């Protein structure tokens, strides 16, 4: 079901979000001093990023959302609000600290130096500079401690590529920014975190035909190690359990009858993880890993390629799943959907996933503030 915008301007989302906000994420949150606001990058302004950001702020009181500052073009945002028929007071703020003061009555916006055109549903290469600036500044603010976490609205690669952007996706770009800050390479790990499943792909944005070529034991070990560490340190799971998928049907059928990668590449990684004290089992046939009884036996599924991880995550909870980037020196979450140009500006985009990303970012930040990350 899509959303509708009645006369009072408040979106009606159905019951999915209200049920989701009661889900426990298995994160032990202790009381802490007030945190800095979240920094949210607007994403591609031609998509539904502005729609869901506006909708989330309109439900701030109902959902007890934490303060956030939106990195955006206030003129473009105001234009989208008018297009949607929403009455939203937008207030330009000089610093993230001001977001907490105005959040109750106005949507706090840190204005970009680059303007954004409100070309609803039609991505423009000329918006690329502003899209990239929003991401870079959100990361910078978080690394400086002026924001507690980064939440990114979706981007589209095509208009960015047309403007010269050369990163495969959001995750890889964030990793480069983190590497520049750290002065050394950073390994980004994508996690899809939902109320019923956490799934992590070892390979991400590469063609399926390239997976057997790129897959290697060292990467499986590194991705699994980072996943286990962050489950313990940021998600508050004392002894994380990892389920490692196979690559081929039936995890190779044993002896390489359906492919050699499972025994030759994946199994040695699992053995190394066990020697390091990590609870890892597999390689497991992917077709039997994701039913309810199987999910009860592990805390995260480590999968070999993009769709092997994302299909079950989205099938189980499309509107409530959050994209979390592990392995970075800052917290980053994102709604687990794309720009959805076809429904931008129509008032039917659901804010559930963005709200879930905001809430999870806040929870992880609270854990970090209390010394758990």
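Any Cβ shown, glycine's included, is placed from N, Cα and C.
No curator has checked TrEMBL annotations; they are predicted automatically.
Fair warning: this is a prediction, and the values are worked out from it, not measured in the lab.
The divalent metal cation site in TrEMBL is built from 250, 306 plus one of 170, 181, 205, namely 205. Binding of substrate is attributed in the record to 170, 171, 314, 323, 332, and the widest Cα separation among these residues amounts to 19 Å. Cβ neighbours of residue 314 (substrate binding site) (same chain, under 8 Å, six or more residues apart in sequence): 192, 321, 336. Highest local Cβ density among the binding-site residues 205, 250, 306, 332 belongs to 332, counted as other Cβ atoms within 10 Å over all protein chains shown. DSSP gives residue 205 (divalent metal cation binding site) a coil state; it is part of no helix or strand. Neighbours of residue 323 (substrate binding site), defined as other CB atoms within 10 A of its CB across all chains, total 23. Note: the CA-CA distance between residue 306 (divalent metal cation binding site) and residue 171 (substrate binding site) rounds to 13 Å.
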